[in-house]
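Student: For reference, the structure I am asking about is given below.
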Amino acid sequence: MENEGRRKFLGVCVAGATAAAAVAAGYPVFRYLAPKSGQGGAAKLVIPVGELKEGDAKFFEFAGSSAVLIKTKSGELVALSAVCTHLGCIVQWVKEKQQFLCPCHGGQFSTDGTVLGGPPPRPLAKIPLTVTEGNITIG
Amino acid sequence: MLKRLYRWLDLRIGVGEIVEKELTGYLLPRNINEWYSLGSVLLVIFALQVITGMLLMIYYVPDADKAFKSVTFIMNEVPYGWLIRLCHAVGSNMMVAVLILHMLSTLLMGSYKAPRELNWVTGFTLLALVQGISLTGYLAPWSQLSFWATTVATNSASAVPVVGPYLVEFLRGGKLVGPPTLGRFFALHAAVLPVVIAAVIGAHLFLLKRTGISAPPFGREGTANPFEAQQYHYQGHPGGIPFFPNYVLQDLTSISIYFAVFLAVVFFWPGMPFTPDAFVPADPFKTPAHIKPEWYFLANYQTLKIFPSELLGLSVQAAAMTFLALLPFIDRSPERHPLKRPVFLTLVIAGILLWIALSVWGHLS
């Protein structure tokens with residue numbers, strides 16, 4: 001009986017020590033593999049106004065993801081996430097139609113990101129921008 | 001829960017039978033000692049080297065322009081990158097050290113003798129392969145130390161008559177150590193050698209299971225049926241102690257002691273695997289002074305320096321290695337107790353002292 005108790009106690013101690021060792025070894029491995037927070041690149045970007053003609057689009061990396069800046073034919077500037085809301089492909093700018101087309105499954109978006117057709121469930125996310133002294137500040 | 005899982009598996013694939021045959025029913029000599037657990041320690045070290053190596057490959061770039069930067073990035077930027085890399089670098093040194101201890105215990109207990117000649121030969125092959133994987137991994141960080149140690153090591157092949165210069169060029173992938181050398185060494189280090197080592201370990205364990213474990217020549221009386229070279233028979237140990245749980249506990253004790261030493265080096269002596277040249281990127285136009293190979297190659301390095309001709313130095317080493325590899329076929333007396341073999345014991349001690357002396361000389365010269 002006494003032996004039984006001792007065995008149980010030792011078993012619990014061994015299990016506890018093993019669990020502690022597993023955590024001590026597993027935590028560094030997890031941290032080593034986990035992407036670092038804030039590793040997404042610049043979250044603010046400045047583009048000169050003259051870099052973009054009317055009806056054109058400029059793709060760039062923004063906060064670790066892809067984004068696009070367009071200047072509509074009416075001269076309005078819009079910054080949007082370039083990641084399709086359907087399955088995450090990068091949309092393409094179709095200049096002739098002045099709209100976005102996702103080449104993966106044919107999703108279509110207007111210049112303000114609204115879904116025009118295809119499977120995307122949501123509009124493209126808008127990114128705030130300001131224009132000062134000939135520079136467009138995105139983000 | 002565990003018992004139910006065990007029963008579920010047992011009903012389907014007969015786990016109980018395997019446990020009975022390989023663990024609880026696998027009997028070891030009653031006088032078995034702690035030195036026999038070094039094989040298990042080596043298995044753990046190899047597994048750890050494979051795991052840390054895989055983790056390092058996530059961030060390491062095997063490109064001469066980027067390798068050093070990627071290693072610096074692992075050491076300074078990646079969370080716990082320093083820990084993974086140190087475990088890998090210290091682990092490689094420990095693997096050679098424990099392997100040497102394992103072979104010394106086999107040597108002193110005469111376990112290499114018939115019918116275990118092939119166990120010794122596969123073990124000796126593993127020593128050569130581990131030295132090879134350490135050498136090829138040494139170049140990976142593309143530091144001054146890596147670059148020039150590899151230059152010196154690969155250059156010694158030039159002493160081979162006739163084909164020497166071609167051999168060096170073949171090893172390096174060019175006339176000098178350069179980006180092609182890194183490519184081929186990395187492929188050998190991360191893809192070829194680990195697979196070959198795993199296969200030879202498999203063969204080593206297979207042989208161990210077929211011959212049966214040897215009984216130590218001292219301590220309590222052995223339980224083995226003596227070997228008679230007439231027909232194959234498994235050397236069992238009736239009345240011996242079961243592998244599980246008895247000897248597994250010894251294995252775990254030795255593994256714990258190993259970890260204590262290993263982690264003490266990792267945390268309290270992290271500079272052990274490195275010299276200052278390890279922190280300077282490789283520069284093919286600037287040879288650092290006093291470049292030295294790793295500690296386990298120091299004796300070979302010093303031997304090459306002692307002999308007036310490089311060929312002679314290489315031949316002496318090749319002869320010594322061949323003698324050691326074929327030892328079970330040369331030393332055929334059945335006596336295994338070291339104290340009853342005074343000539344053998346004297347030669348072993350002299351050999352160890354010579355190796356230590358050459359290594360120290362190589363380090364200081």
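Numbers run from 1 along the shown chain.
Every residue gets a Cβ built from N, Cα and C, even glycine.
What you are looking at is a predicted structure, and each value in this text was computed from that prediction instead of being measured.
Copied straight from TrEMBL:
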- B:5-217: domain 'Cytochrome b/b6 N-terminal region profile' (DOMAIN)
- B:233-365: domain 'Cytochrome b/b6 C-terminal region profile' (DOMAIN)
- B:35-61: transmembrane segment (TRANSMEM)
- B:82-108: transmembrane segment (TRANSMEM)
- B:120-140: transmembrane segment (TRANSMEM)
- B:188-208: transmembrane segment (TRANSMEM)
- B:255-272: transmembrane segment (TRANSMEM)
- B:311-330: transmembrane segment (TRANSMEM)
- B:342-364: transmembrane segment (TRANSMEM)
Student: What parts of the chain pack near the transmembrane segment (B:120-140), using Cβ distances under 8 Å and only residues at least 6 beyond its ends?
Tutor: 60, 62, 67, 71, 92-93, 95-96, 99-100, 102-103, 106, 111-112, 146-147, 149-150, 153, 177, 181-182, 185-186, 188-189, 193-194, 196-197, 200-201, 203-204, 207, 294, 296-297, 321, 324-325, 327-328
Student: Could you give me three numbers for the domain 'Cytochrome b/b6 C-terminal region profile' (B:233-365), the DSSP helix, strand and coil residue counts?
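Tutor: In the domain 'Cytochrome b/b6 C-terminal region profile' (B:233-365), the DSSP-based counts are 88 helix, 3 strand, 42 coil.
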Student: Same chain only, please: residues at least 6 beyond the ends of the transmembrane segment (B:82-108) with a C-beta under 8 Å from a C-beta of the stretch. Say none if there are none.
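Tutor: Hits for the transmembrane segment (B:82-108): 35-36, 38-39, 41-42, 45-46, 48-49, 52-53, 55-56, 71, 74-76, 120, 123-124, 126-127, 130-131, 133-134, 137, 258, 261-262, 265-266, 270, 272-274, 294-296, 327, 338, 345, 348, 352.
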